[in-house]
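Q: Attaching a single structure in C-alpha cells format; questions to follow.
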Amino acid sequence: DVPAWLKSLRLHKYAALFSQMTYEEMMALTECQLEAQNVTKGARHKIVISIQKLKERQNLLKSLERDILEGGNLRVPLQELHQMILTPIKAYSSQNSSTEEQHSRDADSHHPSSLIGSDSQGSDCKDAAAGAMQQHHLPGCEGESGGAPLPEGDLPGQFTRVMGK
C-alpha cells in the first residue's frame with residue numbers, strides 16, 4: 001500500500017507520481033529522477049533514504065529473528081514488524097527458469113502493473129498470498145533456530161518466519 005506508506009512519511013502528495021511506477025522502478029529511484037519530476041529537495045532526500053531502508057528490510061528481519069531466538073525483549077521486534085508491515089512489500093515468486101521470466105515480462109508489458117493495485121487484481125493477489133503461506137509452512141521448524149534458509153528477496157517469507165518465532 002504505497003499511498004499509506006507515503007502518508008506515514010508525510011509525503012502523500014507524491015502518491016500520483018508513484019502510482020505510475022512498478023515496484024522495481026520505485027526501488028531504483030534516484031534523487032536526480034525525483035528532481036526531474038519536480039519533487040522538492042527535502043522530499044527527494046526523504047524518499048531516497050526511505051527507499052534505502054526498504055532495501056535493508058531483509059537484513060533487519062534476519063537480525064530480529066536472531067534477537068528473538070536469543071531470548072531478547074519482544075517489544076522492539078514487534079514494533080519493527082508493525083512498522084515494516086506498513087511499507088510496500090512485493091509478493092515473492094520463485095520462478096527461476098528464463099522461459100517463465102520471459103513470459104512474466106511479456107505479460108507485464110501487455111498489462112503494466114502500477115504500485116497502487118486495482119480491484120481486478122484482488123483474487124490473483126489472494127491466490128498468490130495463499131500459495132506463499134502454504135509454501136513457507138515448514139513443519140517442525142517453528143521453534144528451531146534456522147529452519148530452511150529462505151531465498152534472497154523473499155521478504156514475505158522472512159516476515160512470516162519472524163512472526164512465527
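Any Cβ shown, glycine's included, is placed from N, Cα and C.
Keep in mind that TrEMBL annotations are predicted by a computer and have not been checked by a curator.
The following feature annotations were taken from TrEMBL:
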DOMAIN    1-57  domain 'SAM'
REGION    92-165  region 'Disordered'
COMPBIAS  100-111  compositional bias 'Basic and acidic residues'
Q: Summarise the domain 'SAM' (1-57) as counts of helix, strand and coil residues per DSSP.
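A: The breakdown for the domain 'SAM' (1-57) reads 42 helix, 0 strand, 15 coil.
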Q: Could you please provide the mean pLDDT value for the domain 'SAM' (1-57)?
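A: Summing pLDDT over the domain 'SAM' (1-57) and dividing by its length gives 93.
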